[in-house]
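J.: Starting off with a structure, shown below.
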Amino acid sequence: MAIERTLSIIKPDATKRNLTGKINAKFEDAGLRIVAQKRIHLTKAQAGVFYAVHAERPFYDELCEFMASEPVVVQVLEGEGAIAKNREVMGATNPADAAPGTIRAEFAESVGENSVHGSDAPETAAVEIAYFFSGLELVG
C-alpha cells in the first residue's frame, strides 16, 4: 500500500471532554503518524465552507453550528493506506453501528456528535488538508 495523508478533525464533543490524547493514541497505535496538528475554533461560516458538500442536506445548519460550538483539533495523519486506516479506526458514523474499540464506539455521544471527522478519498483529503494547512506546516 502507498503512503497517504488524510485529514482528521477531533470534533467539539470530544475536545470539550479532553479526549484529544486518547483519540491520538488510537491513531498512533494503528500505525498512523500525526504530521501536522492544531487546535482552532471555527466560525459557523468556516464550518459552512468546509462542509459545503452537505449544504443541501437537512443536517447542514446543525452540523455547522455544532462544529463552531467549541474548539476542534485539525490534524494530518500519514501512513500506509492512511485514508482507509483512519476510517477503520474511527468506526461507523453511527456509534451504535461502530465496531468495539473504535473511536466512535468508545467516545461518540450520537450520530451528530460522533467525535471525529476523516477524509473519505484521496481527492477529498487533498482539498481538506489544504483548507487547514499550508505545505510548510506538514512536517512528515
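The chain as shown is numbered from 1 upward.
Note: Cβ is positioned from N, Cα and C throughout, glycine not excepted.
Pulled the feature table from Swiss-Prot, pasting it below:
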BINDING   Lys11, Phe59, Arg87, Thr93, Arg104, Asn114  ATP binding site
ACT_SITE  His117  active site, pros-phosphohistidine intermediate
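Are these features on the surface or tucked inside, and what touches them?
T.: The Cβ of Asn114 (ATP binding site) has Lys11, Asp13, Thr93, Asn94, Pro95, Arg104, Ala108 as same-chain neighbours under 8 Å, each 6 or more residues away in sequence.
Taking all protein chains in view, 21 other C-beta atoms sit within 10 angstroms of the C-beta of His117 (active site, pros-phosphohistidine intermediate).
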J.: Using only the Cα atoms of Lys11, Phe59, Arg87, Thr93, Arg104, Asn114, which the record gives as binding ATP, return the largest interatomic distance in Å, rounded to a whole number.
T.: 21
J.: Which site among Arg87, Arg104 has the most other CB atoms no more than 10 Å from its CB, taking these as binding-site residues?
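T.: Of Arg87, Arg104, the one with the most crowded Cβ is Arg104.
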J.: Using DSSP and three states only, what is His117 (active site, pros-phosphohistidine intermediate)?
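T.: Once the DSSP labels are grouped into three classes, His117 (active site, pros-phosphohistidine intermediate) ends up as strand.
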